[in-house]
Amino acid sequence: EENGHQNKRLKSNADEEDAEDQNKKSPKRKIVLLMAYSGKGYHGMQRNVGSSQFKTIEDDLVSALVQSGCIPENHGEDMKKMSFQRCARTDKGVSAAGQIVSLKVRLIDDILEKINNHLPSHIRILGLKRVTGGFNSKNKCDARTYSYMLPTFAFAHKDHDVQEELYRLDTETLERVNKLLACYKGTHNFHNFTSQKGPRDPSAKRYIMEMYCGEPFVRENMEFAVIKVKGQSFMMHQIRKMIGLVIAIVKGYAPESIMERSWGEEKVDVPKAPGLGLVLEKVHFEKYNRRFGNDGLHEPLEWTEEEEKIAVFKEQYIYPTIINTEREEKSMANWLNTLPIHDFNSSAVEMQTNNKNSKKSSDLEGSDGCGDDSD
């Protein structure tokens with residue numbers, strides 16, 4: 001009987017040693033994953049633990065991490081255990097070509113292939129890099145670049161009868177769009193471009209580095225263009241409202257002076273463009289790269305080798321989804337029909353009463369809508 005106990009003890013010790021050996025072979029390390037996904041049909045990026053009716057990108061990602069053996073099952077239930085952090089919390093329906101998440105995983109063999117085997121084809125892990133132990137993808141990110149793909153008929157003037165498929169953006173209108181988009185550059189108070197933030201909330205001030213619309217191109221007989229915006233960070237719905245306001249001005253529903261007004265303290269009703277065309281293009285880690293990128297231990301968080309894979313994924317999954325959904329569901333066309341019911345002047349009347357004899361008021365009306373970016 002004693003021998004039997006001893007054999008059992010030896011066997012259990014041997015099993016534990018095997019498990020330890022396995023963990024030694026694949027120790028837990030802090031890494032970042034480069035992700036691309038088509039967001040259609042998902043309620044955004046961030047997981048809502050305990051709410052299974054609203055499927056998110058992270059639900060599928062965590063499931064694949066557990067199934068591939070990178071993380072134990074209890075880490076999937078409590079994401080803090082693997083120090084999980086996403087760089088940007090994309091909204092419902094929004095896609096990404098260059099999302100970054102940081103987490104601790106077991107570095108198993110063929111890790112990317114194994115994770116991707118458990119993911120649907122419209123979510124891919126395109127790259128992996130080791131990072132410092134205290135790395136947090138959200139806090140260490142200096143800037144984010146988004147793109148917004150839209151049909152160009154969105155910029156047709158409201159008084160022109162437009163056939164959507166035949167509309168082509170002329171150079172003059174594109175120049176005007178870019179002049180307005182450039183107004184956003186610098187630091188402004190964007191409290192009117194999100195919800196639940198007051199004009200005195202310091203977190204409503206955001207810094208925009210660049211914003212422009214590229215040359216239009218035709219896909220499936222419809223003309224599209226892509227707006228790019230790079231900023232330190234963005235609030236919920238901020239980019240969609242920034243674009244929505246420019247569309248309202250170009251179409252002739254709102255005066256250019258509304259831009260300046262929207263950064264002031266009064267409440268301005270800023271329309272929110274559809275989420276469909278929004279894509280998280282790239283996240284930037286310039287400070288981290290300067291400090292750790294060439295220390296001999298860590299790689300810089302640059303993804304030049306993955307650029308081709310990113311481009312292929314966009315062509316295969318992101319652009320076709322935006323184009324086909326636009327054609328079938330007409331999200332932009334339907335949204336444009338709501339612009340006439342927006343009251344762009346509701347608080348302008350109060351402003352004019354307050355500043356009746358003030359020269360500032362007339363200056364604002366006549367300005368090109370750009371603010372002073374010196375702050």
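Cβ atoms are placed via backbone N, Cα and C, with glycine included.
The following features are taken from TrEMBL:
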REGION    1-26  region 'Disordered'
COMPBIAS  1-11  compositional bias 'Basic residues'
ACT_SITE  Asp91  active site, nucleophile
BINDING   Tyr146  substrate binding site
DOMAIN    184-286  domain 'Pseudouridine synthase I TruA alpha/beta'
REGION    352-375  region 'Disordered'
How many whole Å apart are the CA atoms of the residue listed as 'substrate binding site' and the residue listed as 'active site, nucleophile'?
12
Tally of residues which DSSP labels helix, strand or coil - the domain 'Pseudouridine synthase I TruA alpha/beta' (184-286):
26 helix, 33 strand, 44 coil
Cβ neighbours of Asp91 (active site, nucleophile) where a neighbour is any other Cβ within 10 Å:
18
Compute the average pLDDT of the predicted model within the domain 'Pseudouridine synthase I TruA alpha/beta' (184-286).
95
